[in-house]
């Protein structure tokens with residue numbers, strides 16, 4: 001449990017558990033029970049978003065945990081259809097009513113064609129200044145986008161959550177993030193299961209007596225990344241947590257890193273991605 005709750009420092013003085021549970025695609029009505037099972041095996045970090053449609057269940061799950069709320073870290077994200085200063089403030093209000101207190105609030109996608117992400121960031125800065133959210137960050141932002149919001153507000157995000165796995169390692173962006181004191185967080189760290197079919201992963205897992213998922217998650221952990229794998233049931237939760245119970249050798253780390261193809265597995269480009277999901281009418 002101690003390892004699962006292991007934290008990494010954020011640039012604003014807070015800390016985030018290095019492994020969390022991503023709750024996208026969790027079947028409706030099952031999330032509170034899944035969160036309770038996760039807490040039993042040591043999870044203290046839950047990652048949701050407005051567009052997942054389950055913030056209310058996250059709030060219900062949090063209230064059902066036999067834990068002090070201060071022991072748990074919760075992330076949610078500004079939906080695509082609510083960019084802009086006033087919209088972002090309204091969106092946060094709606095999320096807060098469903099979840100309760102929020103530890104980390106992210107802009108989910110920048111959507112540069114709308115040219116509103118800097119105004120959205122100003123709203124997040126205000127929320128932090130008012131003490132309504134502990135930490136603020138971004139997801140799927142490029143280095144140029146981060147430079148812009150930091151230049152306009154003087155506030156750097158604490159985290160940049162991006163697609164990241166051994167076949168898309170985002171090395172340049174990770175180096176930029178590190179230079180700016182921004183943690184890199186990996187969404188889809190198991191590449192929707194595709195990475196688990198790679199021969200190198202299978203061989204390492206068999207040699208170590210581990211699951212392929214554990215090997216990939218361990219690569220993320222040893223790479224200093226925050227990782228939020230999904231899990232469907234108690235068995236998957238326990239399997240993910242067991243990634244803390246061993247180490248990969250330098251040779252195995254290098255072999256996994258050699259799988260990098262430096263391109264998205266899902267065709268999602270932050271420079272062109274557009275959506276109006278989750279719009280709240282005034």
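A Cβ is built for glycine as well, from the same backbone N, Cα and C atoms used for every other residue.
Bear in mind that TrEMBL entries carry predicted annotations, made automatically and left uncurated.
As the structure is a computational prediction, the values presented were derived from the model and not from experiment.
What TrEMBL says about this one:
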- 25-260: domain 'NADP-dependent oxidoreductase' (DOMAIN)
- 52: active site, proton donor (ACT_SITE)
- 77: site 'Lowers pKa of active site Tyr' (SITE)
- 108: substrate binding site (BINDING)
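Recorded features from TrEMBL, shown on the structure.
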{"residue": "52", "record": "active site, proton donor", "Cβ within 10 Å": "21"}
{"residue": "77", "record": "site 'Lowers pKa of active site Tyr'", "Cβ within 10 Å": "26"}
{"residue": "108", "record": "substrate binding site", "Cβ within 10 Å": "24"}
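The CA atom of residue 77 (site 'Lowers pKa of active site Tyr') is located 5 Å away from the CA atom of the residue listed as 'substrate binding site'. Here the C-alpha separation of residue 52 (active site, proton donor) and residue 108 (substrate binding site) works out to 11 Å. Under DSSP, residue 52 (active site, proton donor) is assigned to a helix (H, G or I) in the three-state scheme. Here the domain 'NADP-dependent oxidoreductase' (25-260) returns a mean pLDDT of 98 for the predicted model.
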